[in-house]
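Copied from TrEMBL, the annotated features are:
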- 38-75: domain 'Iron-binding zinc finger CDGSH type' (DOMAIN)
- 76-109: domain 'Iron-binding zinc finger CDGSH type' (DOMAIN)
Amino acid sequence: MGCCASVDLKADREGEEYKGYDGKAQAKGSSQKVIAQKAPYAKELEAKKTYYYCDCGRSKNQPFCDGSHTGTPFTPLAFTVQESKTYYICGCKQTSHAPYCDGTHKKIDW
């Protein structure tokens, strides 16, 4: 089962606006990533479970995919952790090591 199989993508999502990295409003179909949060998400993840990281920044279930990328060029990143513990998942969507935070948010002039 994919990340979005249980997500109800109703028309009420159409026309939603998001803030892009340049601070300008972005329509749902935009090819620009959205800043979900200017810091990582501390998430307790279970070993051997597959998660789907939201790469577009539009999910209402951050940092995980809820299907909001539909109509954009972005797709979720499937990942599985080997150990049950707290992981720091990127919120700014600029990490070089997705889905994990690499501290890039500290270098961005917000």
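Please read every residue number as a count from 1 along the shown chain.
The backbone N, Cα and C atoms fix where each Cβ goes, and this holds for glycine too.
Automatic, uncurated: that is what TrEMBL annotation is.
Residue counts for the domain 'Iron-binding zinc finger CDGSH type' (76-109) under DSSP (helix as H, G, I; strand as E, B; rest coil) come to 3 helix, 10 strand, 21 coil. Along the domain 'Iron-binding zinc finger CDGSH type' (38-75), the predicted structure has mean pLDDT 96. Counting residue by residue with DSSP, the domain 'Iron-binding zinc finger CDGSH type' (38-75) contains 0 helix, 10 strand, 28 coil.
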